[in-house]
Amino acid sequence: MNLVIPLIIPFITPILDGIARKVRAKIQDRIGPPVLQTWYDFISLFGMESIDASGSLTFRLAPYLAFGSAMAMLFLLPYGDSSPFGFKGDLIAFIYFFALFSAVVVLSGMSVESSYTMAGASREITLSLVFKPAFAVVVALFALKSGSLSIEEITHSLHLAPSVIGAYALLIYITYVEAGFIPYDIAEAETEILGGVLSEYSGRALAVFLWAFQIKRFAMIWLLSSMIVLPFVGGVKALIAQFLTALTIFILMVVYESMNARHRLDIAVRKGIKALAAGCILLILAFFGW
Amino acid sequence: MIGEFERTFGAVLEKKTLGKKKVLYALRVRQEDFPKMVRFLLSMPTVRLFTMVGTDERPFEDAFSVTYWFADWREGEILGIRLYVPEDNPEYPSVASFHKGALWFEREVKDLLGLYAKGLPDPRRLILSDDWPEDEFPLREDFEYYSSPLSERKPQYLPKIEGTSVHAIGPYHIALDEPAHFRLFVRGEEIVGVDYRGFYSHRGIEKLARGRMNYNQVCFIAERVCGICGFCHSTAYAQAVEEAAKIEVPDRARYIRTILLEVERLHSHLLWIGVAAHLTGFDTAFMRVWEVREKVMQLAERLTGNRKTYGLVVVGGVRRDLLDYRVSMIEKFLKEIKKEFDRVVDFLLSARSFVERCRGVGVLTKELAREWDANGPVARASGIDYDVRRDFPYAAYPELSFDIPVYTEGDVLARAMVRIDEVRESLSLIEQAIDAMPSGPIMAGFNEIPGGVEGISAVEAPRGENVHYVMTEDSNVIYRWRIKAATYNNLQTAPDMLRGYTIADAPLIIASIDPCYSCTERIQVMDVGRWEPCP
């Protein structure tokens with residue numbers, strides 16, 4: 001049963017995006033498109049030819065590689081009682097695919113000769129350089145505190161301590177950043193660099209890429225919701241609780257997003273460095289038993 | 001300005017008085033003295049180059065003329081110096097070689113009339129398209145309006161700066177919904193140089209008005225120069241003709257014009273604030289501001305029948321009266337707009353991420369603003385206390401009281417704050433104008449407009465000064481009509497504002513001058529079905 005869930009989720013993420021559009025519209029006093037609009041967009045994009053802007057294999061493969069990494073992230077996460085492909089050290093694998101996703105995005109941007117995609121790629125690299133280590137530090141703290149490298153075991157053996165609470169706060173922040181919400185959608189800034197790496201994609205490839213972004217966003221939020229729910233709830237109820245928590249987090253993030261303007265890269269980097277420093281301090285605290 | 005100038009140079013000049021505090025001098029001999037005169041004028045701290053007009057005066061003067069108009073905004077004086085340029089040697093001394101603000105004027109005259117400024121620092125083509133032949137000058141009298149000669153396409157871009165790559169914004173860009181082509185020379189994300197190519201939408205509206213329309217029809221085509229500050233253009237044009245023909249506009253018409261000018265300013269500023277929010281990804285503020293803007297358009301619709309492009313100004317007054325029973329409706333609208341605007345601005349400025357994006361970005365120093373003759377909110381955000389409404393009063397402004405917000409930071413935030421403050425001033429101005437509205441006729445009676453008279457007039461459009469110059473001809477037509485929009489000067493400052501910032505800031509910086517390409521380039525609306533100018 002749990003094996004099927006990661007396969008269902010990709011079909012839900014466009015609906016979540018539709019809900020985000022509705023929520024945003026509500027905040028902005030608009031009616032907004034139907035909840036299924038993202039699906040309609042995908043269906044029409046899938047029917048369109050995708051133009052190969054660079055002629056390179058990297059460019060053509062990138063959307064599918066990104067989709068693959070996002071799916072791999074999903075498969076490593078726990079759903080209710082168990083994670084379908086969980087193993088000792090799946091946390092490392094999760095971080096690996098998480099980083100691979102960004103690497104693919106960067107490579108696809110570099111494979112076209114366009115200043116927009118190049119700018120998008122370079123922004124993605126810069127952000128990754130500060131936020132990925134920060135994420136790794138948080139994860140290391142959880143591993144240290146629970147003595148495990150498996151996501152499922154961590155969630156079951158975490159005990160609240162000052163450093164763990166701090167790590168939770170950081171995890172929420174980093175999830176928000178990595179989910180690519182404004183003010184951190186810098187690498188895909190539409191009004192500045194026309195969507196960054198996405199600007200040269202069209203048709204099917206664009207749909208796959210966009211879908212991959214949504215799945216990755218969902219995976220990040222699911223990880224956060226698992227960390228919040230699973231230490232306290234078990235059994236079948238856990239899955240429902242996970243989903244409801246993820247949905248709540250998602251909507252709260254959308255609301256926060258619509259109250260903000262986009263950061264400039266240097267400001268985001270400065271915040272990332274602060275997060276990284278905070279993570280390191282927490283890790284040291286955890287090391288000394290706090 | 002006029003007194004000092006006349007004492008120093010009066011001996012060599014021919015004087016012609018256009019109106020109160022408006023003088024035109026013709027310099028027929030010793031053209032080499034001209035740069036000295038211009039330097040003398042521009043050395044005064046409150047004198048600016050207002051506009052420059054090139055005219056084909058061969059039918060009656062046997063030469064072309066170029067007229068530089070200067071404005072002293074403290075004294076409220078306008079002074080023109082006219083040079084005659086013979087056809088066989090079409091050269092005159094350049095002002096742009098020592099005053100940046102003259103650069104586009106001289107490039108434009110070179111394109112349209114084939115008159116060359118000796119010493120012009122950047123003689124590239126400005127207005128005509130890249131495939132226009134070298135020896136065809138569309139504004140000359142012997143050029144047919146409908147002919148469109150073609151030659152080989154020769155784009156004249158600036159060479160790339162060593163070690164940079166080109167990041168193009170435009171001709172069509174998602175953040176710049178009008179045709180303008182900025183070529184940013186970037187090192188990483190940092191902008192080190194800028195090249196601008198524009199005038200893609202130049203359609204020769206000034207040529208169209210020449211001899212083909214009577215003076216009143218031009219009012220309506222003037223309004224269609226711009227989709228946002230159109231009313232300012234038609235008012236400025238009508239004022240120029242009224243001044244040339246010495247027509248006294250009735251009081252009620254002046255008040256109606258004032259009300260609509262301010263409604264237009266409200267609309268324009270609200271539109272701009274929304275766009276600025278959108279460019280930084282702050283779409284909630286964008287939607288909320290535009291909700292208020294919608295109210296302003298509804299108000300305009302109730303007053304004039306049109307949401308935009310009111311079509312109300314004619315020479316000598318306005319076409320339709322504002323009905324008195326509308327007063328309470330206007331007051332109701334204003335109250336709502338004021339309340340919602342305050343709420344929305346609080347919301348916008350409470351988002352730290354938005355303010356962070358605007359603060360310290362795109363700084364234009366006061367010195368640079370002076371050199372480029374920046375005007376409107378751009379100048380006022382850089383510490384130049386100049387507003388046409390106060391300094392060259394027109395319509396009902398002399399009788400109303402209002403503040404002119406001036407900031408000294410010169411960044412995007414200062415330009416935003418100027419506009420936010422001006423919205424509040426506009427609301428108060430409309431209220432005052434309604435309270436003080438006199439009764440009486442809305443049109444002046446006048447006879448045929450004499451030929452060969454000139455007028456120059458400016459209106460403070462939302463973006464800055466719109467200067468219109470008019471020279472009439474017999475049988476109620478216009479011989480020369482020159483439009484200078486605020487963006488014409490402000491856009492030239494964009495490269496200086498962009499340098500040193502990043503491509504992330506570029507759309508916001510460009511937008512912060514509130515550029516209006518159609519004003520600057522003078523378009524007209526075409527009926528595509530018939531492929532002729534719309535009447």
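The backbone N, Cα and C atoms fix where each Cβ goes, glycine too.
Curation plays no part in TrEMBL annotations; they are all automatic predictions.
Taken straight from TrEMBL:
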DOMAIN    B:28-145  domain 'NADH:ubiquinone oxidoreductase 30kDa subunit'
BINDING   B:GLU206, B:ILE483  Mg(2+) binding site
BINDING   B:CYS226, B:CYS229, B:CYS516  Ni(2+) binding site
BINDING   B:CYS229, B:CYS519  Fe cation binding site
DOMAIN    B:281-444  domain 'NADH-quinone oxidoreductase subunit D'
DOMAIN    B:454-522  domain 'NADH-quinone oxidoreductase subunit D'
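Comparing C-alpha positions, B:CYS229 (Ni(2+) binding site) sits nearest to B:CYS519 among the binding-site residues B:GLU206, B:ILE483, B:CYS519. All chains included, 24 other C-beta atoms sit within 10 angstroms of the C-beta of B:ILE483 (Mg(2+) binding site). The helix, strand and coil residue counts that DSSP assigns across the domain 'NADH:ubiquinone oxidoreductase 30kDa subunit' (B:28-145) are 30 helix, 34 strand, 54 coil. Across the fold, the C-alpha of B:ILE483 (Mg(2+) binding site) and the C-alpha of B:CYS519 (Fe cation binding site) stand 8 Å from each other. Within the same chain, residues at least six positions away from B:CYS516 (Ni(2+) binding site) with a Cβ under 8 Å of its Cβ are B:GLU178, B:CYS226, B:ILE228, B:CYS229, B:ARG463, B:ALA485, B:ALA486, B:THR487. In three-state terms derived from DSSP, B:GLU206 (Mg(2+) binding site) belongs to a helical segment.
Excluding B:CYS226, B:CYS229, B:CYS516 themselves, the residues of that chain whose CB lies within 8 A of the CB mean position for the Ni(2+) site are, in sequence, B:VAL225, B:GLY227, B:ILE228, B:GLY230, B:CYS232, B:HIS233, B:SER268, B:ALA461, B:PRO462, B:ARG463, B:ASN466, B:ALA485, B:ALA486, B:THR487, B:SER518, B:CYS519. Separation of the C-alpha atoms of B:CYS519 (Fe cation binding site) and B:GLU206 (Mg(2+) binding site): 12 Å, rounded to the nearest whole number. Each of the binding-site residues B:CYS229, B:CYS519 was scored by the number of other CB atoms within 10 A of its CB, and the lowest score belongs to B:CYS519. Cβ contacts within 10 Å of B:GLU206 (Mg(2+) binding site), excluding its own Cβ and spanning all protein chains shown: 21. Broken down by DSSP into helix, strand and coil, the domain 'NADH-quinone oxidoreductase subunit D' (B:454-522) contains 25 helix, 27 strand, 17 coil. Summarised as a single figure, the pLDDT of the domain 'NADH-quinone oxidoreductase subunit D' (B:454-522) averages 86.
Neighbour count (other Cβ atoms within 10 Å of the Cβ, all protein chains): 28 for B:CYS226 (Ni(2+) binding site).
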